[in-house]
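According to Swiss-Prot, the protein has these features:
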{"type": "TRANSMEM", "residues": "30-50", "note": "transmembrane segment"}
{"type": "TRANSMEM", "residues": "69-89", "note": "transmembrane segment"}
{"type": "TRANSMEM", "residues": "112-132", "note": "transmembrane segment"}
{"type": "TRANSMEM", "residues": "138-158", "note": "transmembrane segment"}
{"type": "TRANSMEM", "residues": "168-188", "note": "transmembrane segment"}
{"type": "TRANSMEM", "residues": "192-212", "note": "transmembrane segment"}
{"type": "TRANSMEM", "residues": "218-238", "note": "transmembrane segment"}
{"type": "TRANSMEM", "residues": "241-261", "note": "transmembrane segment"}
{"type": "TRANSMEM", "residues": "312-332", "note": "transmembrane segment"}
{"type": "TRANSMEM", "residues": "348-368", "note": "transmembrane segment"}
{"type": "TRANSMEM", "residues": "386-406", "note": "transmembrane segment"}
{"type": "TRANSMEM", "residues": "419-439", "note": "transmembrane segment"}
Amino acid sequence: MGQSVRNQSTIGYIRETATKFLDRETAGGIFLIIATIVALLLANSQWAGAYHHFLGDELLFEFSEHLSFGLTIEEWINDGLMAIFFLVAGLELKREVMVGELSSIKKASAPLLAALGGMAVPALIFISLNLGTENIKGWGIPMATDIAYSLGIIGLLGKNVPRQLKTFLIALAIADDIGAILVIALFYSNELSWIYLGSGMGAFGLLLLMNWTGVKNLIWYIIIGIILWYCFLNSGIHPTIAGVLFAITIPIVPKLDSKILKERTATNVTNLEKTELEKLNPLQDKKQQIILKAIKTDTENSRPPLLKLENSLVDFNAFFIIPIFAVANAGVKLDVNLIEVVSGSLGLGILLGLAIGKVTGIGIFTLIGQKLGVSELHITLNWKHIIGIGMIAGIGFTMSLFITNLAFNDQELIKISKISILIASLLAAIGGAVILLLTSNKGRKNIVK
């Protein structure tokens, strides 16, 4: 008996601890770090061949004898799952723009200006070091911010980071990634499929029309959203942008407003009380079942579709998509002399561009926006926050790796670029995290004048 009670107590403690862990903001960041370490170990072990072979295997869906669709596992992760990641980030960003921290033009323009500076300065640093060499083709490499890793580090810091700063980073990183996607489309893509691109924009237009005409059923949005993603996948433009476009179209106004909900709920509760006074069995009384179902339906219809979709995806995003993404992309082989890598113009351009250029550009353009009066930051944010988030934005990683593969054919240049990206991203993550941990006084007034 006593042993049984102790066992139940132990199980209860373990369950409670696990629940608290999964509820913590840091859990997603911890999963991300573990996944990154696993990927690096696999890529530098005897299983490296099997690891890369697995990612290159095709996952095919056959709908009929003449209709099938397949991508490699790596493509499903980077082009498919990451589109969902961008959807979640886009939903959060839209919510903040509509009713949150970015609801004013000045507050919304601050991260956009920061993103512009965070792209321009790293590119200029790289160009200045590589002008006149074949390495110049890699000028777009240090421009990118890896939104998944950046948000993962912010999540790892938990409540030491103000919520407003996370919102700022999301807006900055999405703008940065859209900029990187445009750079890829304009300067690194061999050709665009205008038919698919036009079809994708048509799907986007249809989604906007659905929103405008008051369609609230998420099923229809998801169906058209999948078509939107497929069109961009085949257009020559990175399909993750489809996630952002899809998020823009999701309605934020609920099907049932609060006034009508209040009236209906009051009526339903009154009717329910009448059935209870008659002492009817709820399992046998169909009237009670109908009333309870009506209350449930009305409550569900009072929730904005945007929040429904965001809440349904947030845990899947944090505990599955981001770790899987890390396992698939962090596997860089460390088989070169690190000193030689970062001392050459290519490696140095990437290293300085990401680790120094990002924070410099973000800081300068934020200051310009403040001085010109075109942007403003939340009162809880100060210069240390901007420097810290600017450094974390220097985590280029996957988008930088993607541009590397487009910019160079020489395997030696690709290897140097990848190692430099990894080192720069690591320095940026550590530097930014340390600064933000030292600046965890959320209540300080804004000193960005």
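Using the three backbone atoms N, Cα and C, a Cβ is placed for every residue, glycine included.
Listed by sequence, the residues of this chain that lie at least six past the ends of the transmembrane segment (241-261) yet keep a Cβ under 8 A from its Cβ atoms are 82-91, 93-95, 98-99, 174, 178, 181, 200, 204, 207-208, 210-211, 214-216, 218, 221, 225, 228-229, 231-233, 298-299, 301-306, 309. As a quick check, the transmembrane segment (218-238) and the transmembrane segment (30-50) miss the bar of 3 or more Cβ pairs under 8 A, pairs 6 or more apart, so the two do not touch. Only sequence-distant pairs (6 or more apart) were considered; of these, fewer than three Cβ pairs between the transmembrane segment (30-50) and the transmembrane segment (112-132) are under 8 A, so the stretches are not in contact.
Long-range contacts of the transmembrane segment (348-368) within its own chain (CB-CB distance under 8 A, at least 6 residues past either end) are made by residues 110, 113-127, 129-130, 135, 138, 141-143, 145, 172, 342, 375, 377, 383, 386-387, 389-391, 393-396, 400, 417, 420-421, 423-425, 427-428, 431-432, 448. Here the transmembrane segment (168-188) does not lie next to the transmembrane segment (419-439) in space: the count of CB pairs under 8 Å, restricted to residues six or more apart, is fewer than 3. Same-chain residues lying 6 or more positions outside the transmembrane segment (419-439) and placing a CB less than 8 Å from one of its CB atoms are 141-142, 146, 149, 153, 156-157, 160-161, 165, 332, 334, 336, 338, 341-342, 346-348, 350-351, 353-355, 358-359, 382, 384-385, 387-397, 400-401, 404.
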